[in-house]
Amino acid sequence: MASVTSYPLLEQIDSPERLRRLPESDLETLAEELRDFLLHSVARSGGHLAAGLGTIELTIALHYIFATPEDRLVWDVGHQAYPHKVLTGRRERLGTIRQAGGLAPFPSRHESPYDTFGVGHSSTSISAALGMAIAANEKGEKRKTVAIIGDGGMTAGMAYEALDHAGALGADLLVILNDNEMSISPNVGAISSYLTRLLSGRVYSTVREGSKKVLERMPPPMWELARRTEEHVKGMVAPGTLFEEMGFNYFGPIDGHDLSSLIRTLRNLHKLTGPRLLHIVTCKGKGYTLAEENPVTYHGVTPFDPKVGIQQGPQKPSSAMSYTQVFSQWLCDMAAQDGLLVGITPAMREGSGLVKFSECFPERYFDVAIAEQHSVTLAAGMACDGLKPVVAIYSTFLQRAYDQLIHDVALQNLPVLFAIDRAGVVGPDGPTHAGSFDLTYLRCIPNLVVMAPADENECRQMLYTGFLLNQPAAVRYPRGKGPGVAVEASMTALPLGKAELKRKGRGIAILAFGATVAPALEAAEKLDATVVNMRFVKPLDEDLVLEMAMNHELLVTVEDNVIAGGAGSAVSECLAYHGVSVPLLLHGLPDNFLEHGSREALLEQCHLNAEGILQRVKTYRARLPKSKASVVSSAAGTHG
């Protein structure tokens, strides 16, 4: 893909309204400019690349035909929405995407009126778009609603729940299925494209509906014969029978990179009403050969030179492993020792560190696609009959399977191990991917053991500990590297519910959980404070908590979780239950959603780095009543 040095057409487009003034003959050139701009902008700043390169033509066609923002476009997940951001007045800021104060990584209602629904998690678009279509109907508004969902998003049950409901209602809704995993041969594509233009035309639609009314008055066998004949003709070239059974008129598949075909078809579909589904076939990374050949590598990228691509050479030596790498190595080591171990992930093979496991133990590796609920109940079923399941999942995605976690695993006290990645502060992917809540929603569940490692080696030992337990267990760990502690090859089970005294001090005791232990130790040097690595959020080491309360003037809990219901709350509840009064400062994440930015910047913003912890403790201690015990919650400037 040759680089374009200037973008004369693209630079004219500051809104979709301006786009719609262009003659249709200019749109191919605009697509070339937009694709080149997107490639070089993301290559400079980092971000999601391959998906956006694959939706250039679709995005142009949608904004060209539909009167956005009055007509509603709802993007699923949002990885593919970078071209949408560019065409809706955010071109000059695209280089700031995922950075503190910059553009949000996904569509956000707070950022633009063209972002009609905030996304980040998969398979929500059809439900949200259906809600908007119903609202338009209830209010007597004539606007159109379009949901754009990828084939990956269609692996989740929620998408089919919404399709079934929309079809039953007969809602005026267009769903565009962006299929970037399959290809169609030129012959099938040509026939299918012709059929789609025919079926989406107003003449066919009028005849079809008129024929329905006539046939409905005739004997049922004749109606059924006509329906099956239509299905047979369409089924020869289109895999749309499932959608038709749900009440949708199905069109496609068509080439999602053929702008003229897209515009012609969308223009026809715009004139129609009722549930419609357009199936388009696209190529992830379209126009950039390296991304086309390896879309996984170019899905989310750090800055790189587009002339040479992402270099996959040997990594620079580092004293610190990432927590994901620690999990990956432990899983393979444990699987080699225990033939009953099985690994499960909901479409996060690379992100959760299961690539090596899937290659070494393919028969014991289960990627259930974007189906978090299924992944947890699948693990429960496996555990019932003697397998030892390990579910590798992001903190934010485990939220989607909360009922299954309670009802199917914990209630039956089944030995399922949850390896929870991206816990706490995550960073550039913003509030939709932050792991701010897991300690709160996990520690209230009976039978579940909850652990948070302070370093890489402890993570390995906690995973081993949880695996050996004959009950549900969760190990939650942050994104990125640990403090640099060497990981032992051996595995040793930790004493259940026992904390570790890391530093003896005077006056102040800091009870730190997980990744906050390292900065707490650094802050303690200037405070001469005692530091405890709590290790277990549940069961809590109540004996050590009470000992710290008896021997110190002030207790401080530190966690990378929201304070409400978190680890600090567990300490507070323990003290209250035992009737112990001691000044207690709860320090953690604030009571708001964390915006995007680097993990380091967000930790500083939340005062969870060493300096932030130090200042929080000093500020609180300075105003602490000498004769009165109190409990204070401290979260990035919010006390209460």
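We count from 1, first residue shown onward.
Every residue gets a Cβ built from N, Cα and C, even glycine.
Small disclaimer: the values here were computed from a predicted structure and weren't measured.
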Problem - Listed in Swiss-Prot for the thiamine diphosphate site shared with His79, Gly120, His121, Ser122, Gly152, Gly153, Tyr288, Glu372, one of Asn180, Asn249, Asn268 - result: Asn180
Practice task
Could you tally the C-beta atoms, other than its own, that fall within 10 angstroms of the C-beta of Asn180 (thiamine diphosphate binding site)?
Solution key: 22
Practice task
Rank the binding-site residues Asp151, Glu372 by the number of other Cβ atoms within 10 Å of each Cβ, and give the residue at the low end.
Solution key: Asp151
Exercise for the section: Between the Cα atoms of His121 (thiamine diphosphate binding site) and Asp151 (Mg(2+) binding site), find the distance and write it as a whole number of Å. Expected result: 14
Exercise for the section: Tell me, if you would, which residue among His79, His121 (binding-site residues) has the fewest other CB atoms within 10 Å in the structure shown? Expected result: His121
Exercise for the section: Specify the count of other C-beta atoms within 10 Å of the C-beta of Gly152 (thiamine diphosphate binding site). Expected result: 20
Practice task
Could you state the whole-number distance in Å separating the C-alpha atoms of Asp151 (Mg(2+) binding site) and Asn180 (thiamine diphosphate binding site)?
Solution key: 7
